[in-house]
């Protein structure tokens, strides 16, 4: 009788151990599959990434596609943050400048930079000289912006020129997340129609997410046929095309320093408190 009892106890123990081991394996598999892949960036040290494609978008704008170590690698850049890029100017001196990729971590295996190259720009010279097969030194992530899905009811965005890149990145991340219902209202200012960066991509988001994403283009020198804003971004434009001041909204701005200063003045005058404003 004692022998039978001991044998039955052994069986119960073995079954119990088997169930426990199986539970641990299932939990480990779940954690492994749900864990976010580690990013390729290093906040302290520059890492080199190979240029695999260069697409000229206009006379002074190009899209640069850089390869990540594997086809499933992600850059690992939090929403609304940027990277520091290192290069050399026309005199051969080192220059470091921040840029915001237009890709997200859902775009695996590569990242893209849309760069406007200015005649006298020191880093612009480096990008003008960059050819497929060359490497770019990158460090990051950098930036003060922090975002959690559903953090605000709506974003108002005011961008000028290449200041569109962080806005595009944030808007894409919000709209492509099925759990995030935040609305996005963008005012995007440029000098001429040809200066508008990412227009095709922006218009595509408007068509794909009607009612949730709205863009109002403003041009200083518009073409003859034009139904957007004309001149500089005014207080009236902000009132019409951005969400009204409220605790559950946020206004983001990014553009040339004179524009940023003017927009801060407009927003203050319209009653947007400093707490609901953020400048990239």
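Glycine is treated like the rest: Cβ placed from N, Cα and C.
Curation does not apply to TrEMBL; its annotations are automatic.
Here TrEMBL flags 12-32 as transmembrane segment. Residues annotated as domain 'FAD-binding FR-type' in TrEMBL: 44-148. Residues or ranges marked as FAD binding site in TrEMBL: 98, 99, 114, 116, 123, 124, 165.
Around residue 123 (FAD binding site), the same-chain residues six or more apart in sequence whose CB sits under 8 Å from its CB are 85, 87, 89, 95, 96, 97, listed in sequence order. Sequence-distant neighbours of residue 114 (FAD binding site): residues of the same chain at least 6 apart with a C-beta under 8 Å from its C-beta are 57, 61, 62, 63, 64, 102, 162, 165, 197, 198. Within the domain 'FAD-binding FR-type' (44-148), the DSSP-based counts of helix, strand and coil residues read 8 helix, 48 strand, 49 coil. Of the chain residues outside the FAD site list 98, 99, 114, 116, 123, 124, 165, 85, 97, 100, 113, 115, 127, 162 have their Cβ within 8 Å of the site's Cβ mean position. Averaged over the domain 'FAD-binding FR-type' (44-148), the predicted model has a pLDDT of 96.
Considering only the residues assigned to FAD binding, 98, 99, 114, 116, 123, 124, 165, the longest pairwise Cα distance works out to 17 Å. Counting other C-beta atoms within 10 Å of each candidate's C-beta, the binding-site residues 124, 165 are led by 165. Its own atom aside, the Cβ of residue 98 (FAD binding site) has 16 Cβ atoms within 10 angstroms in the protein chains shown.
Just so you know, the Cβ of residue 116 (FAD binding site) picks up 18 other Cβ atoms within 10 Å once every protein chain is counted.
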